[in-house]
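Visitor: To start, I am sharing the structure in question, which I have written as structure tokens.
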């Protein structure tokens, strides 16, 4: 009978909980659990393996005999189930602990990212073994604390019992940490340790060294490490290709790639990514086509890289082809692939295709939903953006910020500020983007007092000198008419990019300081800051306000010729208004006819205003008719045509136009003004 019981006890490791409970009853019946700790331990293992922790705990409490194995089994069960607090409580109650006990809690808390608890336990260990050292070093490295990983490795070198100094896994982890820190010299010291201690050079260690040297730009050392290997694996070769690509040495990257007779998908992906990193997007797409012709099955990483190339080229047809391929391969339901496609459509100038694709998804994550809030906002579909935001169960800080920006950009600054106040009332974390967006919303309604109150909040949390916040504050002062205060703040800033320059330049232009805007544009170019399309909107607006026709014409053409920026409709609008104000009505009309956009009533109205100013009745009459055909309810066109007749003393025809408005029941839009209370 005893032999049978021992046989069944050994078989417990393959039993499920149902059969295990039956055997448990048998053991209780014959009384072996209270007599032999082995039987209880095997039952504990079965319960913890099956996830029945309550049964395991009940058995543990009833056991009259326990040993280290008993306690360790319970601690390990709680650790694997994520009940770390209970595991730590049991560890504290253990009458005696062995190395396995310490390793369980140190490695468990380290893997869970609770590094402070893990380090406290590690420091208490009477004798640290290689498992504990590995766990702590790897825990630091994999949780974004590479500096602590390297520092602990140095302590390991000074530990007389540091038996894991030559462990290849620890060494590879530390080399990875050095790579993250861009600490090439430190990585070289670890490499020297490997050579001195004659550590076995496996593929993991080699690829980590190749990766270190490659990312640090020391491609010759990376190549040397690879040549030392008798049979380099694909990941080591991939690391070298990536290193050459990061250094701009695509010829060498290609050479290494084509040295492999049958490169795997990892190598294809690495070379494609290298082309994209070096802005050779066409070559990346050609290589992708070659890869498919060779029968290599693409993976998610391939799709991510190729979609990045499509985004750079901004050709919607490429994105549609990738969309079709993803559907054919059945990977469109994958969130990462789907999200990347949505993002690519948006960057290729096809936001409506992106929105349509989104509606086909069955699953969403927070990242995708955040992207859609931004995308819907840019498309002017602010209600759709609000619907997504309100339906989100888990809102990140990015979700709140995206919604505030979207509301502010779509003419809903009051709602944007209400949302910001709600964030504040709920005690949510507020960052520089939250504050900058709220200040921008204040700028939209010219609410200087509220904007300054929000800025006071930035000083409390130490963000008053942040560039993003300062730029929004400049925008606030300029839109409220305090252009001198805006310029003073601008002069105090450390200007890293074109954003702050654009903000100040637009501020000058919209406040009628055309000459100051042009002088600032000159300073911007002398500072080596490249102008953007927004910059030229400010420049052309400044020329418009100052009547600088030749200057405006010069920069309008310089946009494309020298800065490779295609003029948008806002740039054409500035030029049309500039020509119209200067009385160059034919030039204004020719520019409208030549532009690659369809002119709306507002653009033709600019020319009509020029006709009113310069008394050109013949063109004015034709334009008024065109505008009223496009927009029959446009009262402005009728009023301006009436003014044209009035300025030439043709009072009868001026009155006829007004009578016509009355007969058609077209109401003149009343003027209005408001002041902040």
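Glycine is no exception: its Cβ is also placed from the backbone N, Cα and C atoms.
As annotated in TrEMBL:
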REPEAT    67-101  repeat 'PPR'
REPEAT    129-159  repeat 'PPR'
REPEAT    264-298  repeat 'PPR'
REPEAT    365-399  repeat 'PPR'
REPEAT    497-531  repeat 'PPR'
Visitor: What residues in the same chain, six or more past the boundaries of the repeat 'PPR' (365-399), come closer than 8 Å to it by Cβ-Cβ distance?
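Guide: Those are 335, 338-339, 342-343, 346, 351-352, 354-355, 358, 405-407, 409-410, 412, 428-429, 431, 434, in sequence order.
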Visitor: Counting only residues 6 or more past its boundaries, what in the same chain has a CB within less than 8 Å of a CB in the repeat 'PPR' (67-101)?
Guide: 37, 40-41, 44-45, 47-49, 51, 53, 56-57, 60, 108-109, 112, 114, 117, 127, 129, 131
Visitor: On the DSSP side of things, how many residues of the repeat 'PPR' (67-101) fall into helix, strand and coil, could you say?
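Guide: Per DSSP, the residues of the repeat 'PPR' (67-101) fall into 26 helix, 0 strand, 9 coil.
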